[in-house]
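Taken from TrEMBL as is:
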- 6-22: transmembrane segment (TRANSMEM)
- 43-67: transmembrane segment (TRANSMEM)
- 73-95: transmembrane segment (TRANSMEM)
- 116-137: transmembrane segment (TRANSMEM)
- 157-174: transmembrane segment (TRANSMEM)
- 186-204: transmembrane segment (TRANSMEM)
- 262-281: transmembrane segment (TRANSMEM)
- 293-311: transmembrane segment (TRANSMEM)
- 331-351: transmembrane segment (TRANSMEM)
Amino acid sequence: MNSAHFFIFGILVVALGLGLRARRGKDMSLEQWSVGGRGFGTLIVFLLMAGEIFTTFVFLGGSGFAYGKGAAAFYLLGYGSLCFILSYWLLPPVWRYAKEKGLLSQPDFFEHESQTLGDVVAVVGVVALIPYLVLQLKGLGIIINVASYSSISSTQGIWVGAIIVALYVFVSGIHGSAWTAVVKDILVMFVAVFLGLYLPYHYYGGIGPMFEALNQAKPGFLALAPTGQSTTWYASTVLLSTLGFYMWPHTFTATFGGGDTIVSLLLMAYAFVTQLFPVLLMSLRKNNPVTRSAAIVRIVVGEATVAWVSLTKSTVGALFPFLPSPLQDLNVGIVALALNVITLVFVTLVTRKPESAGAQQVREA
């Protein structure tokens, strides 16, 4: 065993030990396992939600996308900031409702007294998590392979990492995830900040000189493209990713208690979970006008649209060639979201029962 193996093995042992130890002194009921007994402090909740940004995508997908596409990668900074602003107004009522009703999962929140809607949301969450998990596990395998100087294959790294995570989550539930997140997020942030400062100053004498050298080596690389990944694409992608950030099953439930292909997988997944946002928004109203049928149908329409445009690699420009050039660069997930909202309104109008005269008089009084 060389030094690399010793270091990797040590990290895995620490992660497993933290995850298993997290359940000590706790009566592991379903509520304790899934939402930590609703007793997590501010720091732990923040790490469970905000810390999910700092994954293997930071070192592989994000950096690889920036290396290949340039300024388009700034969308990561845009949605990474805006989602926290959105959470200031969005998450408190979600938390209050979940605590009042004793909810344990995302489908519980969306049920609206309809088990079918809860089932649909559960399926959407599972399907959306597939590309997300592929991204994370692939990144884990690459990191272990590189750190071991190729003596451990990516496949072996993925299996070992997945087994360890599954083991401590099975035993400790969200407590295991919370404590490993504390260590992981601190380490990832330290490495990211260190490299983000060390590399520019070591090789270029500063951050400004680094960007100047980059612009000289590849003029226009730091500006958004006039077409394709343009300002329209940037704005719509930031919007889509911001709205979908807290729609992930793991980040939503936490409220209760390298290359272009990888980025495409993540953007497709964001487009998928964002289709849940309109129903969430309407559910926060005191008098929710949306019917159960409308909520289910609009999710199906939105997800089907995302699946179709992703499989066919369609773009807004290809679907609507008559649109002005800036609009043709919209993130195609916006089309699915628009159809989602249109379906929601139409089906609600069709299926909503007319208000009786007596009820109308009482409401007007």
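Glycine residues also receive a Cβ, built from the backbone N, Cα and C atoms like all the rest.
Heads up, TrEMBL stuff is auto-annotated, nobody curated it.
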Would you call the transmembrane segment (293-311) and the transmembrane segment (73-95) in contact, using three or more Cβ pairs under 8 Å, pairs 6 or more apart in sequence?
no
The transmembrane segment (6-22) and the transmembrane segment (157-174): do they have three or more Cβ pairs under 8 Å, with pairs 6 or more apart in sequence?
yes
Surrounding residues of the transmembrane segment (6-22) on its own chain - C-beta under 8 Å, 6+ positions past either end
144, 147-148, 152, 160-161, 164-165, 167-169, 171-172, 175-180, 183-184
Checking distant contacts: for the transmembrane segment (186-204), what same-chain residues at least six beyond its ends satisfy Cβ-Cβ under 8 A?
54-55, 58-59, 210, 213
Who are the long-range neighbours of the transmembrane segment (331-351) in its own chain, taking Cβ under 8 Å and residues 6 or more past its ends?
233, 236-237, 239-240, 243, 267, 270-271, 274-275, 277-279, 282, 289-291, 293-295, 297-299, 301-303, 305-306, 309, 314-316, 319
